[in-house]
Amino acid sequence: MTFTFQSEDLKRDCGKKMSHQHVFSLAMEEDVKTADTKKASRILDHEKENTRSICLLEQKRKVVSSNIDVPPARKSSEELDMDKVTAAMVLTSLSTSPLVRSPPVRPNESLSGSWKEGGCVPSSTSSSGYWSWSAPSDQSNPSTPSPPLSADSFKPFRSPAQPDDGIDEAEASNLLFDEPIPRKRKNSMKVMFKCLWKNCGKVLSTAAGIQKHIRTIHLGRVGDSDYSDGEEDFYYTEIKLNTDSVADGLSSLAPVSPSQSLASPPTFPIPDSSRTETPCAKTETKLMTPLSRSAPTTLYLVHTDHAYQATPPVTIPGSAKFTPNGSSFSISWQSPPVTFTGIPVSPTHHPVGTGEQRQHAHTVLSSPPRGTVSLRKPRGEGKKCRKVYGMENRDMWCTACRWKKACQRFLD
């Protein structure tokens, strides 16, 4: 009994051991499998983390690169050279322009008496030494530059009260050898506006002024001056005046000095019937003597019309006191009109004999017109395209009427 019991116990123990070994082996296999799976999962997780980190790095790079301001493409060397060339050209043009190179002119340079008597006004500069001579004419007429003089030639004309601006005379003499740059002359043509109303011919400098003149004087509209239906545009035209010729004409005429004309009043004998023009010729030769540049006194009234008031010369009384012993004369300038009207009164009178009498010589000195003015004949206001065809048929008007000028189709 005991043996059987022990054998059964051994069998049970062996069976238990075998089962335990089998279970252990199974457990070991399962542990190995789980360990392998864990390793594989860890490797996969590691790879996933690596890929995620790489993606995050790429995203960060993209964000950073999008925020960085990329500088523009640099210019090529040729473009830089072209920019330098253009800048140099601009600088050279500015440095050689007459507006920059021309030195300032002293307006109050002292003049000697000889230049005043001669009528030429020297205009000097403080640094360059260029001199230019201009006749006494309008201030708007620029003087023509003359070749430079030496440094010693303009020393007497410098003002002692105004020293030079720190420039030595050696430097000034060096500047004299440079070629003077000719200054640009202003445009001498000036546009004026002439009234085309019959027997009017008034010339003004602005279109608004001539329109107001036509509206108020000729059309008789006294109401609102700003309101206009455009009718006055048909009664004026544009003309061009040469201001240089006007200034030359003004400079050629000078007022006669009362001291010369009153010093020796002309006495005339009794004229014969056959020699009536002799005193006039004498008076004319007397008036053409060298004239002084001194300012006219109260014995003279000098009336100078401007270019835009080019009307026929009108004799204006020179003084309210008229004495029969004076000789009146009038110098009239047709175009440009400059009218000098004066009555010189002689302070001393020669004794007049019974057989002598004084004459009032009226001499008119006229010179040919110098300004080339294209003046058209004033048209009448009877027939015009606007009045013939009407405002509604503008296509039938002539070109002048379409452009609001004087009618060219219906002439007087």
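In case you wondered, yes, glycine gets a Cβ from its N, Cα and C as well.
From a predicted model like this one, the values you see are computed outputs, not experimental measurements.
Summarising the annotation, Swiss-Prot assigns compositional bias 'Low complexity' to 123-137.
Sequence annotations record features per position, and here Swiss-Prot assigns phosphoserine to SER225 (among others) based on similarity to another entry.
The feature phosphoserine is assigned by Swiss-Prot to SER228 (among others).
The region 'Disordered' annotation in Swiss-Prot covers 98-167 (among others).
Residues annotated as region 'Disordered' in Swiss-Prot: 255-278 (among others).
Annotation comment: Swiss-Prot describes 318-412 as region 'Sufficient for binding to RE2 sequence motifs', evidence class similarity to another entry.
According to Swiss-Prot, the region 'Disordered' annotation covers 351-379 (among others).
Feature annotation from Swiss-Prot assigns motif 'CR1' to 383-387; the stated evidence is similarity to another entry. Same-chain residues lying 6 or more positions outside the motif 'CR1' (383-387) and placing a CB less than 8 Å from one of its CB atoms are 234, 396-398, 401, 407, 409-410.
Long-range contacts of the motif 'CR2' (401-405) within the same chain: residues 230, 233-234, 237, 384-386, 394, each at least 6 residues beyond the stretch ends and with a Cβ under 8 Å from a Cβ of the stretch. The feature motif 'CR2' is assigned by Swiss-Prot to 401-405, with similarity to another entry given as support.
When averaged over the zinc finger (193-218), pLDDT in the model lands at 88. The zinc finger annotation in Swiss-Prot covers 193-218.
Across the zinc finger (193-218), DSSP assigns 12 helix, 5 strand, 9 coil.
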